[in-house]
Amino acid sequence: MAEFEERPRLSIGEEEAPPYPLEKLTGGRRTRAQIHALHQQAGRVPPQAVELEQAVLGAMLIEPEAIPRALEILTPEAFYDGRHQRIFRAIVRLFEQNRGVDLLTVTEELRRTGELEQAGDTIYLSELTTRVASAANVEYHARIIAEKLLRRMIEVMTLLVGRAYDPAADAFELLDEVEAEIFRLSDVHLRKAARSMNEVVKETLERLEAIHGRPGGITGVPSGFHQLDALTGGWQRGDLIIIAARPSMGKTAFALSCRNAALHPHYGTGVAIFSLEMGAEQLAQRLLTAEAASMPRRPAPDGCATRTGVSWPARRPLSDAPIFIDDTPSLGVLELRAKCRRLKAEHDIGLVIVDYLQLMQASHMPRNANREQEIAQISRSLKALAKELNVPVVALSQLSRAVETRGGDKRPQLSDLRESGCLAGDTLITLADGRRVPIRELVSQQNFSVWALNPQTYRLERARVSRAFCTGIKPVYRLTTRLGRSIRATANHRFLTPQGWKRVDELQPGDYLALPRRIPTASTPTLTEAELALLGHLIGDGCTLPHHVIQYTSRDADLATLVAHLATKVFGSKVTPQIRKELRWYQVYLRAARPLAPGKRNPISDWLRDLGIFGLRSYEKKVPALLFCQTSEAIATFLRHLWATDGCIQMRRGKKPYPAVYYATSSYQLARDVQSLLLRLGINARLKTVAQGEKGRVQYHVKVSGREDLLRFVEKIGAVGARQRAALASVYDYLSVRTGNPNRDIIPVALWYELVREAMYQRGISHRQLHANLGMAYGGMTLFRQNLSRARALRLAEAAACPELRQLAQSDVYWDPIVSIEPDGVEEVFDLTVPGPHNFVANDIIAHNSIEQDADVVLFIYRPERYGITVDENGNPTEGIAEIIIGKQRNGPTGTVRLAFINQYARFENLTMYQPEPGTPLPETPDETILPSGPPDEAPF
């Protein structure tokens, strides 16, 4: 890593060149200091209305009804004052979560995100509420602020134009920046307000009158395939149509059949084709070949054929057709949008075709975004383009390899289009109410909430799940971290790393994964303290098998007495506890008070059966699902009594004494449950496998280590029983006189280095100044090669004035290295769609979701013969047959349309239309024969 250059701090009054070069003035990275310095140089003050900003925020704080009115007009960027941007974002977050918005809640939200001081502190927030008496004029004030934003953006454009005179500036990079700014400006300008029903109905009736009388019930742009048009009504205006298939299935050939839209005598319209894969000449050759093949097969007059076998009359319809081909490689969304706008204005195009989606480039993606999110942004941009131009946009898309690995007939499905991975069916999804549910049991459920990581704040938040679904049978891999957290996923499923989201097949041992540092808990308990305590003892040292008396065993007399007391407190006179002292143990028998008739059971047995934990042997034990829906205090009570059974709390003596705090069990499920319950108390325990050799079953230890986690255990959980309380006191005495060595809960250098480097660059802080701010001797680059503890990261964030690092230091993320990635069989897999954050907590690991398709229509091309399938389910031959599967249609039915695929011409035809003349053999290749053609003025329909 190169060392930073020493740069002087910004001095507003200096005449010399500012320390921020204009090259840094890009749409997503410019700072308020940069803009202000540039304006000072130009001698102008940026357009602003700070007093009105204060009035709008004050109105939003005192009157909740002002919030939606302001949100329709303003974005955070509309506010000139950085304090106001932070306050506005806090209000928006509270509003989106349906939480109350007032001075107190906004203050607390800013304090939670560490932005309270940057937002002006509590005094400034209080002053905002006095700036306005009511919210009556909030909409008028908001429009003035929005107008100032437009003027400010126009002025930024003027500054960018000034860069054209800089000989060191890259012209193409400058062009991209200017184009991005123009579209940011137009995006603000084109935001629409709600329209009245009267206006909408009038436009709808005019549209219906215009299409009245069209043959075939086609209301949009025809595809040229009768059965397909019967299901879709043609490609509708404002729709995004995705045509997806594996390579060599005929995606481009199918899309080029849409040339019929340009050549149709009744529905003719301009077509724009953006080919990122093939050149314009290649497309023209395919169009000519397909067009010639569609003409009547007649003897060709002399001189009417070319050497390639394509008849000259085929040129006439295509040459005159309003088809526009652009073969720019790696086309960006902004550039595509600009070209489509121009073609719409100059030629009134009615259809846009993009070939293909995965070759496009998104603009201004977040630093930790992955390819799936980039494709999703491109898809959303294409949908926005379709609505803006009011034309259908047809985008081709490559399906994932999951189609090839799936068994059966390999028909494509929607999950193949999402470019996302999947999780094994037993993966436990943490719902927002605390429950952990296997993902397979969530299939077909909708609109439930999970915990997800906000990618901007790195905090866990509630997020709604729009869909849970099965994606087929696929190979899975078991991924295990150093803490022992484990998850089984397909090779293409993504997990969060310091470098962004990565697929399983891109990960390797040693890479850091994002895990939640804590899981929020419920606010109201549903179990009493006595029930929680009794459960802890019975799960740990209880015998609850059928046809056996409920029995508890302990070596401590005080614990035996406690369990007998708890049973009486919970079940009253229904049970009669009996304590029997044996040689080394105390047995507590929890018998029913009355003799049990046939069909009657001990009330404790019924209780445990209702909780789902009756009849389990030691290696099968688990924590009831209801425990995960309790408050943190209730969970602590349960763990305190569970630890009194098979838990260890003691000081290990020797040359280097250390505290040993762990829970031991032969049940892997119980160990995972205990680890997850500790996480709800903010304790990141390690699950360790301990082999027993010939002594017995493998044991699993849930180990609490590290000063911070041990102190949380002492303070939140504690101990029960004289023996463990004394041991816990010794542990606390040891911790109270020692400092911690936080080498586990760290911020990886790969995550924080670039953030601090950018902050230093923008604020003109040199290496020496940074070390001085930290109170350290200058050490060169040594600091920048280390992982940081959270405390040290906070100090560095203050020294470098880096709010992003402060967020990471106060985040809900624990970065844990991977220890193994192993194949783990082939089975049915599943996934979720979580709009917004696009992730969720699964097996106490943060996993990416499957992004919902923005398309209005999704078509799949399926040719069975490509997979060696020679006959269909009815015994009919599949040679030359293609299925067009409508996997999704927002405003119409789904279904399958069968078409003919003429391989020689790479052309699709209506299955009933294509009838070769008897005795006319099809050529093996187009180059081996001269194609006959009809009269030059004959239409192709």
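Each Cβ is built from the backbone N, Cα and C atoms, and glycine gets one as well.
The ATP binding site annotation in Swiss-Prot covers Ala245, Arg246, Pro247, Ser248, Met249, Gly250, Lys251, Thr252. Under the heading domain 'SF4 helicase', Swiss-Prot lists 214-484, 646-915. The feature domain 'DOD-type homing endonuclease' is assigned by Swiss-Prot to 534-683. What Swiss-Prot lists as region 'Disordered' is 1-25, 914-941.
Positions of Swiss-Prot features highlighted on the structure.
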residue: Ala245; record: ATP binding site; Cβ contacts under 8 Å, 6 or more apart: Lys251, Gln398, Leu399, Pro412, Phe860, Ile861, Tyr862
residue: Pro247; record: ATP binding site; Cβ contacts under 8 Å, 6 or more apart: Gln398
residue: Ser248; record: ATP binding site; Cβ contacts under 8 Å, 6 or more apart: Arg866
residue: Met249; record: ATP binding site; Cβ contacts under 8 Å, 6 or more apart: Ile861, Tyr862, Arg863, Arg866, Ala882
residue: Gly250; record: ATP binding site; Cβ contacts under 8 Å, 6 or more apart: Ile861, Arg863, Ala882, Phe901, Ala906, Phe908
residue: Thr252; record: ATP binding site; Cβ contacts under 8 Å, 6 or more apart: Glu277, Met278, Leu283, Arg286, Asp355, Leu396
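A 10 Å cutoff on Cβ-Cβ distances gives Lys251 (ATP binding site) a total of 22 other Cβ atoms nearby, all chains included. Its own atom aside, the Cβ of Arg246 (ATP binding site) has 21 Cβ atoms within 10 angstroms in the protein chains shown.
Taking the centre of the Cβ atoms of Ala245, Arg246, Pro247, Ser248, Met249, Gly250, Lys251, Thr252 as the ATP site, the nearby residues of that chain (Cβ within 8 Å, site residues left out) are Ile861. In the three-state DSSP reading, Ser248 (ATP binding site) counts as coil.
In the domain 'DOD-type homing endonuclease' (534-683), helix, strand and coil residues by DSSP number 70 helix, 34 strand, 46 coil.
Note on the domain 'DOD-type homing endonuclease' (534-683): mean pLDDT across this stretch is 92.
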